[in-house]
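Contents: one structure, followed by commentary.
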Amino acid sequence: MTSIEAWYMGNNVVDQTAENRMDPNEPVTISDLRDLGVIHWHLPPVEDYPAKAVPWEPKNGIQDKQLAAIRDSRGYNYADIITCSEECLPDYHNKLKAFFEEHIHSDEEVRYILKGSGYFDVRDLKDRWIRIRLSAGDLIVLPEGIYHRFTMDTKNFTHAMRLFKGVPVWTPINRPADTHPSRERYLQRFQPEERSSTWSIVSCFRGLAQGWQKLGN
């Protein structure tokens, strides 16, 4: 069972919390998202999670066996819990603006929605925006290097767990980041072969330039 839904959206967004569907609607399938490296599970929460816990590690172990299995199999050894709302998140409106800046990360971005809902937007291979609706029970993994952003929906409430491998680094790398190693790794994994070849050439020239610079020094 899955509650996830995704669709294409335009570049001009007036209200980021609205659905912003195309007219007519252009749906995106789970398979389409998987081709971009986006992974999803639906795990109805079985615990009563705190509003905030940084970090989070239950004293008596994780009661949700599916969540524990995913954490173990993918190496997520860090977790924390946050609540995004006007009451719980300091400087709420400015934080929402920052979340909505297009960016990449040098690691996976993993979110497990415990209560409430929200949207992740990701770029497809043709640089079009896809909006992904998440609600309670949705666990999503965005791959390293994918251009994306997050926004609340009109309900303005998201209670979520953040999962991470190793020491968490939440710093976004805002676009343009096309020459960042994480972006290049993403393109090598998921872009069509001809685009990957182009990026290989770019990387080659960059390596030559660095070599000449060392010789000059």
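Note that Cβ sites are derived from N, Cα and C of the backbone, with glycine treated the same way.
Note that TrEMBL annotation is computational and uncurated.
The Fe(2+) binding site annotation in TrEMBL covers H103, H105, E109, H148. In sequence order, V141, L142, H148 are the residues near E109 (Fe(2+) binding site), counting only same-chain partners six or more apart with C-beta under 8 A.
The Ni(2+) binding site feature in TrEMBL is assigned to H103, H105, E109, H148. Other C-beta atoms found within 10 angstroms of the C-beta of H148 (Fe(2+) binding site) number 22, with every protein chain shown included.
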CB-centroid shell, 8 A cutoff, Fe(2+) site H103, H105, E109, H148, site residues removed: I104, L142, I146, Y147, R149, P172, I173
